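Enquirer: Before anything else, here's the structure in question.
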Amino acid sequence: MSLLFPLASHAAPEGAACTKDCAAPAIAALVEGLKRPLPAQTAYTEVRFVQMLEAPLVLRGELEYQSSAELGKKVTSPYVENTTIENGQVRIERPGKPAKRFSLKRAPALAGFLESFSATLAGDAQRLARSYELSHSGDAAHWQLTLKPRDPALAKQVRQVLISGEANTPLCFEVEEAGGDTSLLLVDKLAGQPLADPPQRAALQQLCRGRP
Amino acid sequence: MSLRSRFGLLLVWLALLAGLLYYVVTGLKVSTDLRSFMPPARTPEQRLLLDEIGEGPGSRLLLLALDGAEPDTLAEISRQLAPRLRTDPRFVRALNGEGDLAALTEDLLPYRYLLSPTLDTQPLDRDFLRAELEQRVQDLGSPAAAWLKPLLGRDPTLEMLKLAEAWAPPGEPERYAEVWFSRDGKRALLLVETVAGGFDPAAQREAMDALQDHFRAIAGDARATLIVSGPGAFTVHINTATSEEANRIGLFDSVGFILLLLIAYRRIGTVAAGALPLLSGGLAGMAALALLFGGAHGITLAFGFTLIGVAQDYPIHLFSHLSRSRTPAEVARLLWPTLATGVASTCIAYLAFFASGVDGLEQLAVFTIVGLATAALTTRFGLVHLLGSRPHDAAESAWLAALWRRLAALPRPRWLAPLLAAAAVAAIAAAPGAFWENNLAALTPAPPELVARDAELRAELGAPDVRYLLVIEGKDAESVLAASEKLDPLLAEVQAAGAIAGYELPSRYLPSAATQRARQQQLPDGEALHAALAAAQQGLPFKPGSFDAFERDVQAARALPLLDAERFFAGPLGLRLKSQLQPRDGHWIGLVSLTGVNDAGALVALAARPDVPAHLLDLKHASESLVAAYRTRVLLSLLAAGLLLAGVVAVALRRRSRIVRVLLPMAVTTLLILACLRLGGVSLSLFHLIALVLAAGLGLDYALFFEHAEDDEREQRRTLHAILVCSASTFLVFLLLALSSLPVLRAIGTTVTLGVAFNFVLALLLARPRQETFPATEK
């Protein structure tokens with residue numbers, strides 16, 4: 001099932017009894033609208049701005065989301081690489097190489113993405129609010145949700161996660177690392193978008209905000 | 001003596017004992033390390049064992065499991081516990097699976113090119129660098145970027161990661177949240193190496209307590225529990241179990257013993273005073289050890305206290321012979337020749353242990369001789385003056401008189417002794433099963449559930465085998481390391497064949513100088529590396545100058561003096577290497593630990609090959625041969641002791657018939673005990689031998705007193721009373737030990753219990769002079 005297809009839900013937002021670190025009603029309504037049935041999958045394009053590199057890395061592939069604890073990230077271009085995250089463990093496989101395995105805790109950017117991504121797909125604003133300070137801008141047609149980690153350890157690694165989308169569909173996940181590196185993940189209808197070579201960060205951000 | 005002077009004497013005596021106690025407590029260092037109890041090594045294998053027992057890397061490893069809480073909690077505890085243990089001086093290393101990238105200090109970092117095997121097969125040329133850099137680009141695009149990024153500029157070929165992997169224990173366990181976990185994901189696992197030897201219970205106890213303290217401090221009120229396994233943990237467990245059971249039995253024994261004495265003598269003061277000679281003997285014996293040796297082994301003391309237990313009979317002989325017609329001093333004077341003969345001959349017999357050449361046995365002799373002599377002398381010259389003038393006279397008991405008459409009428413056929421002896425010898429010879437038990441561990445077995453858990457953890461952690469060890473010897477560290485490198489491919493074959501699951505060589509940490517030099521010569525010069533790197537980066541997005549630190553390190557590595565053991569020892573992994581590479585008496589030895597030994601035969605075959613520069617140490621076999629050698633010395637000492645004893649008894653008693661009457665019961669008893677044990681399927685150990693010596697000592701006293709009994713029937717009744725109380729009390733004490741669940745206590749208990757029974761009956765039947773078998777006329 002595509003991420004494009006929202007799951008109709010008329011139930012009251014969960015966490016109605018929320019007393020601490022609560023999401024504002026507007027944000028709660030927005031996130032509630034993003035709920036998708038599982039498993040979900042989508043093509044993606046990831047643009048990584050790494051300080052060590054002159055040009056950003058552009059990776060294309062597929063995301064497979066099984067549950068909040070299980071995510072598959074398959075790079076298909078420009079090379080093949082399979083990343084699976086399962087119960088806090090990351091496993092990276094490349095053809096002809098022994099698999100690398102390490103804890104999700106050692107990849108805070110990925111952890112931040114996974115947390116925001118899965119809470120979004122669950123339509124669970126309160127869960128999101130427990131881990132992040134939430135703020136929101138734009139309108140119902142083009143919205144941005146800014147997530148700042150509450151956990152000081154994560155905050156040392158991840159400055160913020162910016163989710164942008166239109167209506168009931170998230171389109172971009174931008175993870176800003178504390179070290180200055182940034183990763184922009186374009187999903188859904190933006191996944192196949194042709195990009196400039198090399199892509200510019202500002203232009204991508206414009207794209208995410210629906211202003212091509 | 002007046003009541004006041006008796007009280008004064010008691011005070012002086014107690015003050016003396018307090019002084020001795022203070023001296024012993026401050027002056028006697030009790031060692032618990034099994035090695036100091038062992039005889040000097042004869043074979044190279046035994047020598048290595050004595051060095052390695054408790055010191056080998058395998059025996060010092062403790063396997064830790066954290067259990068009972070959520071995996072995330074356990075992982076967090078593991079992550080905090082390991083660094084804490086690393087800073088604790090009681091531990092050599094603490095591994096929990098976390099990548100230890102700080103394994104080389106900053107100044108040693110350029111050495112990675114000399115330590116890692118990469119350059120053996122692969123020069124740092126354009127093609128290799130290109131392939132590596134392509135991988136690094138992919139790494140930067142992957143989630144691993146977060147932790148690889150800080151390394152890449154300096155180490156684009158990730159040599160530090162390769163080293164960290166090579167230095168991880170062979171056969172690594174599963175991981176969860178970066179730390180080792182059991183396959184079922186329920187337990188966090190750690191591997192800890194103690195500084196203390198695995199068979200040193202006191203030091204291991206300290207290490208175990210430290211582990212628990214650290215764990216508690218970190219876990220706080222989390223529900224997690226810490227499980228510790230491994231040889232050290234077993235040592236502590238067995239020691240605790242044995243002393244707890246011995247103490248429990250000792251408590252019952254004391255109560256029973258005191259009750260028995262109260263029934264026999266009806267005077268609380270008398271019974272209490274009766275404890276003084278044995279107490280004095282024990283303290284004097286320990287003081288003598290402190291004076292002469294400065295210390296003693298725990299086992300020496302345990303054996304020693306078993307052996308001087310016979311001294312508890314001395315006051316009993318005195319008490320049973322008390323009557324209203326003689327003062328206690330007169331009674332003691334009359335008994336003294338008999339008592340002194342027994343004590344002197346026993347003490348002189350123990351002199352034989354001095355010839356054994358084993359520290360532990362010499363200490364045992366000193367302790368026993370001083371202890372017995374002190375107990376006898378204090379009974380004779382001290383205890384008598386504490387006793388009141390209105391004692392309970394055993395001779396007045398009607399049932400004792402009846403028993404005496406019945407016993408006196410027993411037939412005492414001359415053929416009894418030879419018949420029993422012959423039957424015993426036949427039984428000993430015919431009984432099936434091994435005569436000797438050489439495996440000391442069989443006497444102090446770890447509970448099966450602990451052994452099973454240990455095997456489980458050992459398999460999960462890939463911890464080394466505690467029985468087999470390959471040993472490399474060389475004139476210096478370099479030759480040991482070279483041999484270790486030569487061994488590497490050979491062991492890899494054995495591993496591939498499935499005979500072992502893994503192995504750990506000293507050269508895995510520190511390659512030989514020759515290997516380091518060869519790698520150093522493979523390193524390109526500055527220009528060549530710069531050109532290769534530039535060519536390799538063509539078309540890759542790295543910024544210019546990204547790898548300047550790498551180029552600097554390679555150039556530094558080209559000019560480094562080769563890393564030697566001395567320098568490596570000072571580094572973070574120094575202790576680790578030290579446990580596998582050590583200088584010893586002018587040469588060096590390397591220890592190769594083996595994991596998951598499936599086929600010891602393959603290792604024996606490997607070690608037997610002429611081109612293999614190592615030999616296989618079978619710790620079990622070596623320790624058994626050591627125990628056998630030890631026992632031979634004990635047996636020789638006992639033989640000499642037996643001859644000395646017979647000689648002293650002969651000198652004291654002069655008449656041949658008397659000598660035979662005294663020595664025969666204990667000789668036949670010894671044979672009968674052996675026969676019973678053998679028929680019961682028991683293999684004999686050192687503990688049985690020590691117990692046999694005690695039994696013989698008891699038998700000697702019984703026989704001497706029966707043999708010496710005076711014509712007066714009332715006096716004979718008192719002697720019978722004395723020996724009845726002696727044997728009943730000893731029987732009671734050791735019967736409880738014989739019922740123990742612990743083989744070591746059972747061994748001593750069974751042997752002495754049998755000994756008391758046989759000695760009593762045989763002394764009664766064989767020792768009393770024949771012409772006095774008919775009851776004397778009542779006076």
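Cβ atoms are placed via backbone N, Cα and C, with glycine included.
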Enquirer: Please find, within the list B:261-281, B:660-680, the residue stretch that TrEMBL describes as transmembrane segment.
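Expert: That would be B:660-680, the stretch labelled transmembrane segment in TrEMBL.
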Enquirer: Between 0 and 100, where does the mean pLDDT of the domain 'Membrane transport protein MMPL' (B:171-410) sit?
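Expert: Mean per-residue confidence for the domain 'Membrane transport protein MMPL' (B:171-410): 88 out of 100.
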Enquirer: So which residues does the transmembrane segment (B:718-739) touch in its own chain, when a touch means Cβ under 8 Å and the partner is 6 or more beyond its ends?
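Expert: Same-chain contacts beyond the flanks: 249, 252-253, 256-257, 260-261, 264, 309, 312-313, 316-317, 319-321, 323, 393-395, 397, 400, 403-404, 407, 698, 701-702, 705-706, 708-710, 745-746, 748-750, 752-753, 756-757, 759-760, 763.
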Enquirer: Using a Cβ-Cβ cut-off of under 8 Å, list the residues of the same chain that are 6+ residues beyond the ends of the transmembrane segment (B:686-706) and lie near it.
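Expert: Distant Cβ neighbours of the transmembrane segment (B:686-706) are 303, 306-307, 309-310, 313, 317, 338-339, 341-342, 345-346, 440, 443, 627, 630-631, 634-635, 638, 641, 645, 649, 661-666, 669-670, 673-674, 677, 719, 722-723, 726-727, 730, 744, 747-748, 750-752, 754-756, 758-760, 762-764, 766-768.
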